[in-house]
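Annotation comment: TrEMBL describes 45-70, 90-108, 120-138, 144-161, 182-204, 210-232 as transmembrane segment. According to TrEMBL, the feature domain 'Major facilitator superfamily (MFS) profile' maps to 52-291.
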Amino acid sequence: MSLSSKNKGHSDLENVSSETQAQSSALQQLSWKDQFKLLRKYKRVVLTGKASALGCSTTPILIGYDLMLVGSIIANKEFVRDFGVFDERLGLIWTVVQYISAIFSALCSGQLNDIPGRRFCFFVTVGLTIAGTISQLFSPDWKVWLVAKLLMGAAMGSMQANTQTYVSEVTPVEIRGFTLSLFQFWIIIGSLVASCVLQGTSYIESSWSWKAAVVTQFGPAALSLIIFIPLVPESPYYLIAKGRLDDARQALIKIRGKQDFNVDTEIQEILSTLEQERQASSSGKSSTYLE
């Protein structure tokens with residue numbers, strides 16, 4: 001590549017970066033009414049997989065559901081009958097183990113996302129959820145239940161990292177804040193659903209009083225697979241970072257689905273962002289976990 005070509009490429013990236021900053025500044029001045037108009041404009045994105053209220057809901061619902069389940073199921077009389085009476089320390093151990101597993105999984109997910117891709121990591125996450133649910137369902141004692149909590153913790157940490165990363169990468173900057181805010185909203189919905197299920201199954205006089213609450217976790221996991229496989233492509237950021245520009249172009253067209261959408265401009269913006277990250281990393285100015 002000639003020097004003039006390199007300079008032109010850097011100039012293009014700088015222009016795109018300036019345009020992106022101008023767009024961000026303009027977005028901060030939008031009213032709620034204008035923001036909801038943007039949601040209608042990008043309705044294809046809002047209805048596509050995890051970048052939507054539907055697809056984005058599946059994994060955080062599981063998080064909220066399990067958070068409520070782990071703290072409340074020990075009050076179920078049939079659960080106590082099957083597992084025996086235990087002191088508060090055991091319940092604390094279950095909770096601590098799950099959160100430690102979640103922290104470790106979330107820290108690892110950031111690196112793993114850049115190796116096999118976002119979609120692959122998502123399938124692994126759902127696999128961990130299913131394995132953890134099965135382990136809970138057939139737990140003969142609290143020791144096996146502890147292993148199940150390790151699996152569910154790993155799934156929970158991976159969900160926290162993977163889902164929000166993917167949503168931020170596939171949604172336009174105009175509605176990115178809205179779609180990311182849905183994550184916390186659906187965690188609360190998941191906790192509410194778990195409370196209702198636990199209350200409803202508490203009247204069953206058998207092991208299914210607590211097992212029914214556990215089995216319900218299969219629902220969101222299966223729903224996320226059904227939604228994710230046909231509707232959601234790989235992250236354009238990941239594809240471009242790997243040099244797969246044609247695949248990234250097809251992914252963006254599938255996600256946006258607008259006649260006036262300029263896919264080449266979007267690709268240039270992503271290239272600009274990746275280049276800025278690369279330069280920050282090479283200059284030693286990259287962010288750390290402490291920041």
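Any Cβ shown, glycine's included, is placed from N, Cα and C.
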Selected stretch (most C-beta pairs under 8 A with the transmembrane segment (210-232)) from 90-108, 120-138, 144-161, 182-204: 120-138
PLDDT averaged over the residues of the domain 'Major facilitator superfamily (MFS) profile' (52-291): 83
